[in-house]
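Reading through the structure tokens given below for one structure.
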Amino acid sequence: MTVQQRRRPPIASRETLQALLSEGAQALGVALSDAQRGALLDYVALLAKWNAVYNLTAIRDPRQMLIQHILDSLSIVPHLGAHGAAAAALDVGSGGGLPGVVLAIALPGWRVTLNDIVHKKSAFQNQAKAELKLGNLSVVTGRVETLRPGADVPAKFDVIVSRAFADLADFVTLARHLVAPGGSIWAMKGVRPDEEIGRLPDGARVKQMIRLTVPSLDAERHLIEVELDEAI
């Protein structure tokens, strides 16, 4: 056994991950069925399996994937509830499918579209869609600013969300043409992004800024909702 092997942390069992997921979801106030929990654990397994091929995340440990990716993504679910049980969401710069795949599992009545410019990441997203049997999930490859409602995507979206995609002002500028009436843009951030907020373009303003607490994660997390004049 090599030194590296001796130092490598043991891989958590599915039962351990399931307990961590159940406790975390309960702490977040997100109700999940057995099938939904199973799908989220299957998604973690897919991320771990295909990470070396698709370069999806710097995190290699499934336990940390569950905390830093799944629970982190689940933390926004209660705050998106105002859009109802049947909203349309676009996940911009989705990468390995975060938070969009998690939203599609946790909110089965929603129609979720994943967007990325990297074809191999879109390939993984389609793989996840097929293996997890997510009929409410779709994938579109290309720059968000070039997507046309009614052509590249079916229509405008009630929710446009990103997780560490870009500077907040850039995100709003690139995606605002895709926001449906009554919809808004949601940005998942680490530390409170006051400087980014100060650079928001005309006609865009922060509607709410929510400090998130993610179970088992000792790091700052904020969720910013931006409303637009043209979508009110």
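Just so you know, glycine gets a Cβ as well, placed from its N, Cα and C.
Note that the structure is a prediction, hence the values are computed from the model and not measured.
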Check: Out of R111, R163, which is the one Swiss-Prot records at the S-adenosyl-L-methionine site of G93, L98, V144, E145?
Finding: R163
Next item on the list: Whole number in angstrom, please: the longest C-alpha to C-alpha distance across G93, L98, V144, E145, R163 for S-adenosyl-L-methionine.
Entry: 19
Checklist line | Surrounding CB atoms that lie within 10 Å of the CB of L98 (S-adenosyl-L-methionine binding site), all protein chains | finding: 27
Next item on the list: Within 10 Å of each Cβ, count the other Cβ atoms, then let me know which of the binding-site residues G93, V144, E145, R163 comes out lowest.
Entry: E145
